[in-house]
Amino acid sequence: MIRLSSMKEQKKAEEAAGNQPKSKISAAQLRIAKDINDLDIPPTCQTHFENRDDLLNFKLQICPDQGFYQGGRFVFRFKVPQIYPHEPPKVKCETQVYHPNIDLDGNVCLNILREDWKPVLNINSVIYGLQFLFLEPNPDDPLNKEAADVLKRDKRQFEQNVYRSMRGGYIGNTHFRSCLK
């Protein structure tokens, strides 16, 4: 894990050796390094950095251990903007999922990723928010209106649709790949 202090030490070492630092560390990079060092995520979540030097782009895997989505594996891609924390990270679900708050293109409807974002929030807040969507899908603020309508109208049918979709079945004309662990 990259530490905020190691970034500062590396910069000081480069300056002491007479080398120009390779690139200036942005406020977003400093903040995301702090957020990552302070992560306190549950065992059902795991982060993955494809490039250790690029903390602004990473993946999160959520494997719910209860609720409709228990036993599934869902991957989200985070893209943190250069003006973070003044704007929220962009989060997209890479796993196609039958969910009222995630559309078939992977867009996520989570209030703290939109109008309720505040700079005091952090990556940990977003991770817990995403995990909560799998524990308590919200049919009152949907991106997938069909899934939301089924959840409101017939919880048992919604549960069957989630079960079928997670095992690689069809819901209507949409085929879902298996996302079981």
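Every residue gets a Cβ built from N, Cα and C, even glycine.
Feature region 'Disordered', per TrEMBL, maps to range 1-25 of the set 1-25, 76-100. For the domain 'UBC core' (27-171), the mean pLDDT of the prediction comes to 97.
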